[in-house]
Amino acid sequence: MSGCEGPQSVFRTGGSDAAQLEHLFLVMLAGAVVLWLGINGLFYYASRVSARPVSRARVEALILGGGVGLPVVVLTALLVYGLSIMPDQRAPGDGLRLRVTGEQFWWRVEYWPEGAEAPVVSANEVRLPVGRRTEIELAATDVIHSFWLPALGGKTDLIPGRVNRMSLEPTEVGTWRGQCAEFCGLSHALMAFQAITLEEAEFGAWLAREAQGLAPEARTAEGYAIFTAQGCGGCHALRGTEARGTVGPDLTHVGGRATLAAGILPMTADALTDWIRDPAAFKPGVEMPGYDHMDPDELATLALWLEGLR
Amino acid sequence: MTARRHSAGGEQEFAEERASLVRITFGPLIWAMHFLLSYAGAAVFCAKFPHASEHLDLLVWGIGLATLVALAGIAWQGQRSFHQWRKGNEDSLIEEDADGSSEDRHQFLGHAALLLAVISAVGVIYTALPAFLTATCR
Amino acid sequence: MTVADPERLGRPIPAAADRFAAPAPSGPFPPTPEMLAEPVPPDLAAAQEDRLRKAWKAPSGWRYWSAVNNSEVGVWYTLTCLAFMLGAGVLALLMRVQLAVPENGFLSADRYNQFFTMHGSAMMFLFAVPMFEAVSILLLPALLGARDLPFPRLSAFGYWCFLIGGVFVLGSVFFDAAPNSGWFMYPPVSLQQEGVGPDIWLLGLSFIEVASIAAAVELIVGTLKCRPPGMRVNLMPLYAWYVMVVGGMILFAFPPLIAGDFLYELQSGFDWPFFDPERGGDPLLWQHLFWIFGHPEVYIIFLPSIALTAMIVPTFARRPIVGYSWIVLSAVGTGFLSFGLWVHHMFTTGLPALSLGFFSAASEAVVIPTGVQLFAFVATLLAGRARMGLPMLWIAGALAIFTAGGLTGVMVAIAPFDWQAHDTYFVVAHLHYTLFGGFVFPVIAGAVYFYPVVTGRMLSERLGRWAFWLIFAGFNIAFLPMHLTGLIGMPRRVFTYPAEMGWGGLNMVSTLASFVIAAGFAVLVWDLLRAAWVGPRTSRNPWNAGTLEFVPDPDENWGTRSIPYVHTRYPAWEQEAFVERVDSGRFYLPDAPEGLRETLVTSVIDARPLQVLRVPGPSWITHVAALFTAGAFILPVYHLYWAAGVSSALAILTVCVWLYLSARSHPEAETKDAGLGLRLPLYVSGPSSVGWWAMWITMLGDATAFASLVFGVFFYWTARPDFPPEGAAMASGTLAVAALVALALSWALTLTARVVNARGRPWTATLCLAVAPLLAVAGGAALLGSVWLPDLDPTSHVYPAILWAIVIWTLVHVGGGIIMQLFCLVGLLAGDFTPRHDAPLWNITLFWHFLALTVLVTVAVVAGLPRLL
């Protein structure tokens, strides 16, 4: 299935839910091909080949058997199979809880380890431990979005005023891509995210690092001064500093993410520079204003500094 | 022009019968009521009943009971239609060319009602399946 | 044998009233073979033809556009749908160009979003549903051996509304002002759009929906009441069964969307928070209402194609359909089951798995009737001596495509698989497979098949084959790969995608093939237009079909030459000398001695002749009414509320004048010779009349819309813990009960007016109808006061908002009821409505029955329910 192996393909499975659904699909596909050939072959025979009128008893058997019997048997079997896997797909999580909030056009991600009182906040990237079933709460602030990570499982909508739940159980270590699947406005096409699945121990170590505030050496760098002077903290948070904005993504460890601007740009200083100068050029309808009035050197310094926040 | 096998009184006996056109919808209507009850029942139960998840068996048995009642209703309607259709038409499952008599129309409506009862019964059983296979409010 | 049973519903009319009742039909029925065998003298036949031709002559010159006859309106309607389809198709091509390569800059995000919104909206609302109605308006009278539909002016009015509304909605694309949130307009994202886009969608399409419902009413009444004598329900052409089922579905499916539009307009225009969770609303209510409409809509589109197939297959199998009652069962069964599927469009909205399971189950169950229909067609071909022909080629293509779409439909109906496939190109492929296979191909087959009925000419076989293979190959090459594009991750409604996703190659293939489809359509349309002038003339029944639609002469405007007595399913095959007898005027209504347009009304089940119905001829009042109605819907888009109000008032006035003029014109005689010795009444009222049936059917749809609003209340109650919010103000119970009493009295007086008038006391009736509107005004005021005085602020929370919405809905209906009472009051005072001519009184009483029920439910929900919850 080499043609099916895109970064967002349902056939490149890395979790038990997606594997179950892939199996379901392949079973249905095989059945569908057989049925399609059967029905169309029969029609071809009836309209082109069959020369003499067929007896009445045969015709009755055809309507009863083909029109009623066959569908009832096939559909009952399929329904029993399909319905019985739903409880597995919706099984409760076993510890860690994520809360993903959809915003136009990015993802706010909070990690709630069992018993935690405050979340570890991140954005546009989800990391999950392999071998555990992680519950994901889904919410939205502005419009309806849909959280879809095909490699691990099906999608669920994020709806303002509601909290939906899904759960995923990765079985393989890897990096996967997900995307918003419900039309959410001008830049719906540009609202993606990365998912990284890690061994449990590695995940624990990463989460502990992620939970820390801004590194002390980063606070003394020139980039921090520029960040503060430009008022970036009004919208973005750097935990452990005065920057406590919550309108945009938390930037405490922004350089540690694989992508920028919800999966549409690589996390490089150049991309950061271009993005900060004119976000709307990359993402129509984005809320962040452009900073094309900034001194180019300052902008480059700021970008380089942000890229270093890991 | 008139009936092959019909008595002269047939025209009077089966005159108009507007009710039997309505009667062919009974089977599907029972399906619709059962479907609506199951769906609304599950929605209200999961949303409004405290500790719904622990008492799901209540809901499952409720839907099971409703299914039995619905199937009984459809069976009753089905056998009535069966008799309406089968009177004087024992040879075929697929009714053939109509002859234009009112008795023929009478049997046709019986046949249609019977077939609709069968499909409604399948629909009701299908509707009951999730209660037993997917009994979760999650 | 004589015709008994004048088809009264309910109790027989008291003896005292009999002297004002319509005379019963008299004379022999059914006609004997001897009567039918008697020849018509040729000179008499020629004189009859002259008179008929004169009565049914289409107006000429610029007056041509005042025509109302189904053969003109049907053609305009069909061509208009075709034009809208081509427009929406061009949008699709432009979108395909944008998607051909990754990160393309051909269209901006906003432009692309407008295009996919309009492509979907236009294909659904301006092509698929109206095309069914257009084809049915064109063909149904011919299929039923009728001269016209019962309300030709209503068809014309519906057409002009559709044309204005369609041009308005589709035209918005040219002004960069089109809606841009997808054809299902999910709030809140759709509420964010600034400008007129969302209002164009809401009001423009509501307008068209109203026209659709009007057409559905007409088609249902036409099928129930305008069949040829003797055509019992089990003899109807299968197309007529589908018209009845689909008409019924439109009646129950469109109103929830109209209710949704009503709530949406209150939210977007007046900030009532129906979909705003901050104030207790919920965006999911829109999705429920939209899809309660939207899924039956899929079958509203699909069933007519099956109906066309059911007409074509027997002709090419050269034998009657096998399993007639099985197909009827499938049509009716699908009609019902299709209302239990709507949540399968909402499988990913996080509803409990159990709830999803019910809809998965129903979605699979609906496959069974579809399977029965397909196998009945195959069985017919097997049992007959099948031959091929251009229409059958299109049917074969339809089957190949539709079965693929149906099978992927079975897949996405399984909820867990849909969690992967939903909102991806897999679904885009699936829905286009069902719509091309289940609509486009069969409609083209129907166009090829019925072309001679309309034009008397044949389409080109060679061009037809070219068109078929271009569209068939292009379609499969374009859409088959999309299944895979979706499964390897491409969501729908994205204007661009990054190169590294690996979707580029497949998209390029789809784009190239989409132009092949377009080339096929170009060939097809060219042939359709060309052949109308230069196509070879054909014999009247070129395919040798057995049904009635091929009997009329396409060169004559009168429809059928005489209305036949039908006692078989395929009269042209099975009845002796059938076509000659129709042609020579041997059957009913062979003449138009008064120079008026007439058709027969028959009973619902057994099609016994009941009445000779005079149908109206050309008119401009329909255009005036359509223009003012358009103003009422379109002016609010630009916030010209006063102008819209004036326009509505003028629309109502025009319609009243239109109806009054037709209600006061009484036939010159009580009965008339309908041919073959049968004398039928010319004027009937109440359940015998087509107007009463139209009112009854319309009110079913109206009640469905109201029920959808009440569903909203229960939805908020289950979905929201804060409904009703703690300590919220309540509607005034006293005033609500006062409203109920006053309106109930008004209803009772309306009913009394009808009854006493029928007993020969028109002055008592006049008195009743003078008092009834006053009571209705008082009742309406009390109802308004019950929510106004307690200061329920509809912008504060969804709870007062939904109560207000229900009250407004009911008040609008009370207003309608008052106008109707005054309408009849004027008629009685002017002496135009009499104990004998009392049809309007029957019809408004029926409206008031429904209104009384609406008021009762309104009072219970607004004043009673919150006190219980």
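Every residue gets a Cβ built from N, Cα and C, even glycine.
Just so you know, TrEMBL annotations never went through curation; they're auto-generated.
Feature annotations, courtesy of TrEMBL:
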type: COMPBIAS; residues: C:1-10; note: compositional bias 'Basic and acidic residues'
type: COMPBIAS; residues: C:12-24; note: compositional bias 'Low complexity'
type: DOMAIN; residues: C:50-567; note: domain 'Cytochrome oxidase subunit I profile'
type: REGION; residues: C:1-38; note: region 'Disordered'
type: TRANSMEM; residues: C:200-224; note: transmembrane segment
type: TRANSMEM; residues: C:236-258; note: transmembrane segment
type: TRANSMEM; residues: C:298-317; note: transmembrane segment
type: TRANSMEM; residues: C:324-344; note: transmembrane segment
type: TRANSMEM; residues: C:356-381; note: transmembrane segment
type: TRANSMEM; residues: C:435-454; note: transmembrane segment
type: TRANSMEM; residues: C:508-529; note: transmembrane segment
type: TRANSMEM; residues: C:617-635; note: transmembrane segment
type: TRANSMEM; residues: C:641-661; note: transmembrane segment
type: TRANSMEM; residues: C:763-789; note: transmembrane segment
type: TRANSMEM; residues: C:801-829; note: transmembrane segment
type: TRANSMEM; residues: C:841-865; note: transmembrane segment
Same-chain residues at least 6 beyond the ends of the transmembrane segment (C:356-381) whose Cβ lies under 8 Å from its Cβ atoms: 299, 306, 309-310, 313-314, 316-317, 319-323, 326-327, 329-331, 333-334, 337-338, 340-344, 347, 399, 403, 406, 409-410, 413-415
Among the ranges C:298-317, C:617-635, C:641-661, C:763-789, C:801-829, the one whose Cβ pairs under 8 Å to the transmembrane segment (C:200-224) are most numerous: C:617-635
Local confidence of the prediction over the domain 'Cytochrome oxidase subunit I profile' (C:50-567), expressed as mean pLDDT: 95
Same-chain residues near the transmembrane segment (C:763-789), Cβ under 8 Å, at least 6 residues beyond its ends: 731-733, 735-736, 738-743, 745-746, 749-750, 752-754, 756-757, 800, 803-804, 807, 810-811, 814-815, 817-818, 821-822, 824-825, 828-829, 841, 855, 858-859, 862-863
Per Cβ pairs under 8 Å, the stretch of C:236-258, C:298-317, C:508-529, C:617-635 packing most closely against the transmembrane segment (C:435-454): C:298-317
Tertiary contacts of the transmembrane segment (C:236-258), as residues 6+ beyond its ends and Cβ separation under 8 Å: 129, 132, 136, 139-140, 143-144, 206, 209-210, 212-213, 216-217, 219-220, 222-224, 227, 289-290, 292-294, 296-297, 299-300, 303-304, 306-308, 310-311, 321, 324, 327-328, 331-332, 334-335, 338-339, 547-549, 569, 697, 700-702, 704-705, 708, 711
Recorded stretch, among C:298-317, C:324-344, C:508-529, C:617-635, C:801-829, maximising Cβ pairs under 8 Å relative to the transmembrane segment (C:841-865): C:801-829
